[in-house]
């Protein structure tokens, strides 16, 4: 247990009308402070302030103080849904009940004064490919001689394992990767910094409750196992990926870095945003059948992708063909177990419109149609570019639920 | 730190002539005992006995006792090569010097009396595809209309990430996975237990020393980062894999279980087995060039694959095209960092002869030429089958260095 730093007294808890990080959101993170850079502790975001959750829990005599006085979210995530719900209710009470707000304010400080960290240890990281628009576009660009969608695409949510050890928190610079790339017109590969560095705007799900090896998690188990949601940028070196990925899938074209937001929004905060997924073109096997989901499987999250402050795309998560519960059911149907900290991402979120495509590969159609930005044209990313993903969803009563942004700047290859 | 159980006095330390687990080997493992099932502790194998390494280290006043009095190998693995060498020299001294053997014997007990555990926490798990014979055979079976070897195969060691959370120790039963499979002659996939459950005989390397994110590990860094070697069975459901793997690679066809030996043999124990890899057909980029390896990159390990006690194959690891150092250099050339506990496997080890193929897919040519075993014919594995991989390498002075076996029995689908 890491003792939290002493909070500054008197920070406000009133939020501007419509703040996307209000009491219906309450995302979790982990931070350090300048005074105590070696003491990571759990915080909850409230507007542009953070609440020292462990400190507040102790002051309020919470039965869950031990789970909140930790350097990472793991123990809370592993505690299971009844505990998540109880802690969430407590946090909301502390931040909104008139009799508690003065005490809570003692444990708040401006977000700008803390340093956010990766809030949990990533166990296994899986990346899906769940947008039909994205998969169709990529198929046309990468495999122009074949059908755009692979034959299996509408029968199962295609996914693969990525590198857990290079998942980094928002703000961490991303070094341009080096590697082998072979353009089609050359005979042999050459080596050097990637010339086609790209982003992928994704939504990721964080597993809390583990599952037993040899068992499957049905669609109805989604909310018992998934703790929360975060934004994810699946950095991709298209030239490295294009040369390496046949037949065993992406490897070094992705493994150099994957950025996640510092904030994990509880699944419960997105209740008002649940919607039906798109109509199905082919019948699904029973373990994936939409009717077996106890609630609508889609989430109406609206993502914004910006480069150096300029919006380049607004992908709608509502357009995803495969739901997060279907991905979880598929991932475990073979008996693969879940661990606390497993992270699985949706794959690039793209909508049907050009302005809704979630990666540069699609936005520039393989680099052939560069984007014109105020600071120059872009086929792919240049050194120094800063990419930011943000998102919000409808909340209760017309409110907005924000997902914490994920941002990073590209550094030159070493 | 877990206190080790009290050893039994007087266990012998003399080994039969030619024992593959003699003082030139000294593999590490972690076990519990019937008296203390909740106290995993580090042991070193000596013949058919185990030495309680933490207990012995304390008795001998070793400066490294803290690293050996742990429930997992992680801290020792992270300590770096100079410490690995120092600890190995101490262990050898305790087990062989006449003045120490009586003390060492107090910390030994029969291997049959302990329960071996997974000896380290697996960080990221990567699987390569480094046997030219295997890749050629699989290409012919899976992709009969294309060139057997993918265009990139001789330019880079193809690899992909697997599921770290389902790596299990030898002896753990493997439940037959369920999933989607679609034979070519059917229109839609069906769901059920895999009908084509297979093994892959592999050799895996365990990373000890981590590396910094953004940096690459050159070929010359192999021995500084790799702690040891273990046998690995990459269980594969060929029907699930065949339907799912295009375009993003194997996922549920592999993720249900990967078995590793309970024993990690230090890399230094294989010094006498280092040999040159096969001749290269195409020039390699500088970061992979064999001449940049400070020692011969191949390892002369002879593997035996048995099903229910009957030898079905003897794959030669010496035939692997890509070396373990090349795999490590490739895996990090894009700046991906290494963590203590990263595990990377060679891919199926197959030699040029039919009797040297490391999986049933090859041995039975996609199931078309079943193996005739004393207990019946096998295209793929049946419930109840027990698969065992073992291996040895030449040691100093004509001795043999054994790798601990990896064995598991197939249980029916649930």
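Along the chain as shown, residues are numbered 1 onward.
Including glycine, each Cβ sits where the backbone N, Cα and C put it.
Keep in mind it's a predicted model, so treat the numbers as computed, not measured.
Among A:224, A:234, A:239, A:281, the residue that TrEMBL places alongside A:254, A:258 at the Mg(2+) binding site is A:234.
Together with A:200, A:202, A:234, TrEMBL lists one candidate of A:124, A:127, A:342 for binding Ca(2+), that being A:127. Between the CA atoms of residue A:348 (substrate binding site) and residue A:202 (Ca(2+) binding site) there is a gap of 5 Å. For the region 'Disordered' (A:391-414), the residues of the chain that approach it from at least six positions outside its boundaries are 18, 20-22, 24-25, 27, 29, 45, 168, 170-178, 192-194, 197, 203, 229-233, 257, 259-263, 265, 269-273, 299-304, 317, 381-385, judged by C-beta separation under 8 angstroms.
In the three-state DSSP reading, residue A:241 (substrate binding site) counts as helix. Listed recorded positions (A:129, A:134, A:245) with a CB under 8 Å from any chain B CB: A:129, A:245. Across the region 'Disordered' (A:391-414), DSSP helix (H, G, I), strand (E, B) and coil residues number 3 helix, 16 strand, 5 coil.
Same-chain residues at least 6 positions away in sequence with a Cβ under 8 Å from that of residue A:129 (substrate binding site) are, in sequence order, A:135, A:153, A:157, A:158, A:159, A:347, A:348. The Ca(2+) site is defined by A:127, A:200, A:202, A:234, and by the 8 Å test on Cβ atoms against their centroid, the other residues of the chain that qualify are A:201, A:232, A:233, A:236, A:254, A:258, A:345, A:346, A:347, A:348.
When pLDDT values are averaged over the domain 'Fumarylacetoacetase N-terminal' (A:25-119), the model yields 97. Counted within 10 Å of its Cβ, the other Cβ atoms near residue A:245 (substrate binding site) come to 23, all protein chains included. For the binding-site residues A:127, A:200, A:202, A:234, the greatest number of Cβ atoms within 10 Å around a candidate Cβ is found at A:202.
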